[in-house]
Amino acid sequence: MGDWSFLGNILEEVNEHSTVIGRVWLTVLFIFRILILGTAAEFVWGDEQSDFVCNTQQPGCENVCYDEAFPISHIRLWVLQIIFVSTPSLVYVGYAVHHVRMVEKKRERERAERQQQTEMDEERLPLAPDQESTRNTNEINPKGGKKFRLEGTLLGTYICHIIFKAIFEVGFIVGQYFLYGFRILPLYRCGRWPCPNLVDCFVSRPTEKTVFIMFLLAVASVSLILNLVEISYLILKRILLVFRRPTEEQLREIPEKPLHSIAVSSIQKVKGYTIFQFKDGI
């Protein structure tokens with residue numbers, strides 16, 4: 001089946017920039033698709049064309065009947081499916097790495113500007129020893145812990161790449177159904193030229209191949225469900241965040257009345273005093 005290590009190494013980067021549901025999707029992709037397709041599928045479909053036998057001696061009849069029964073090999077179709085489904089993730093991780101690097105460069109520039117401003121302030125007004133030690137402590141670990149957050153354009157790109165993955169999943173499932181269905185029948189009747197008449201062709205291991213097809217169909221369905229659940233989760237989380245922000249902003253905008261004015265107003269109400277403010281010169 002070839003070497004899948006290159007694709008695996010790239011998809012490991014996707015794991016670092018994904019949600020929990022996205023990591024589950026990657027697990028399903030690696031274990032139930034790439035691993036099984038690379039180990040078991042080749043043994044099941046190894047005799048695909050050699051054991052496709054028709055009850056005729058007409059030259060070329062078996063080849064054209066096999067081409068009619070299986071326009072594209074199941075294994076090649078599943079390999080194409082994995083490549084197409086993984087492509088949006090590869091595009092997303094490329095954008096995510098670029099976005100994170102741009103954010104880090106911006107933070108470094110801002111940190112350098114703040115440090116330069118601090119040095120200029122120190123020249124004008126030297127810091128106290130305790131302030132100097134605090135500043136040195138902050139400079140030891142300026143970045144702090146790296147925390148990946150899905151927000152802004154990065155969140156939009158992440159949702160778009162999930163939508164494209166779901167579209168490719170549905171497209172390949174529907175395409176497989178219209179190409180040769182979800183079952184492999186042991187007998188295939190063919191009347192294609194140059195066959196002299198309607199001939200019977202026999203497929204090897206039809207039951208085993210049907211079980212394998214149904215298993216990979218179930219895996220594709222699970223991947224599709226995970227994509228839909230992740231989209232719903234991100235949209236719901238975004239909606240809750242939008243409704244939560246106005247409440248937090250309203251709480252911040254509540255004016256805080258000084259305690260001194262509250263005490264003075266209470267004294268005025270109790271004793272009936274009036275406080276006059278005199279302007280200069282009066």
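Positions of Cβ are set from backbone N, Cα and C atoms, glycine also.
Not measured: the values here are computed from a predicted model.
Long-range Cβ contacts of the domain 'Connexin N-terminal' (43-76) within its own chain (Cβ-Cβ under 8 Å, at least 6 residues beyond either end) map to 1, 37, 179-180, 188, 190, 192-196, 199-205, 208-209, 212-213. Taken from TrEMBL, the feature domain 'Connexin N-terminal' applies to 43-76.
The domain 'Connexin cysteine-rich' annotation in TrEMBL covers 168-234.
Per TrEMBL, region 'Disordered' is recorded for 108-143.
Marked as transmembrane segment by TrEMBL: 20-41 (among others).
Among the features that TrEMBL reports, transmembrane segment is placed at 78-97 (among others).
If one looks beyond the transmembrane segment (155-179) by at least 6 residues along the same chain, the residues whose Cβ comes under 8 Å of a Cβ in the stretch are 17-18, 22, 71-72, 77, 80-81, 84-85, 87-89, 91-92, 95-96, 217, 220-221, 223-224, 227-228, 230-231, 234-235, 238. The transmembrane segment annotation in TrEMBL covers 155-179 (among others).
TrEMBL lists 212-236 (among others) with the feature transmembrane segment.
Mean pLDDT across the domain 'Connexin cysteine-rich' (168-234) comes to 90 in this model.
The DSSP breakdown of the domain 'Connexin cysteine-rich' (168-234), given as helix, strand and coil counts, is 42 helix, 8 strand, 17 coil. Secondary structure of the domain 'Connexin N-terminal' (43-76), assigned with DSSP and counted as helix (H, G, I), strand (E, B) and coil, comes to 14 helix, 2 strand, 18 coil.
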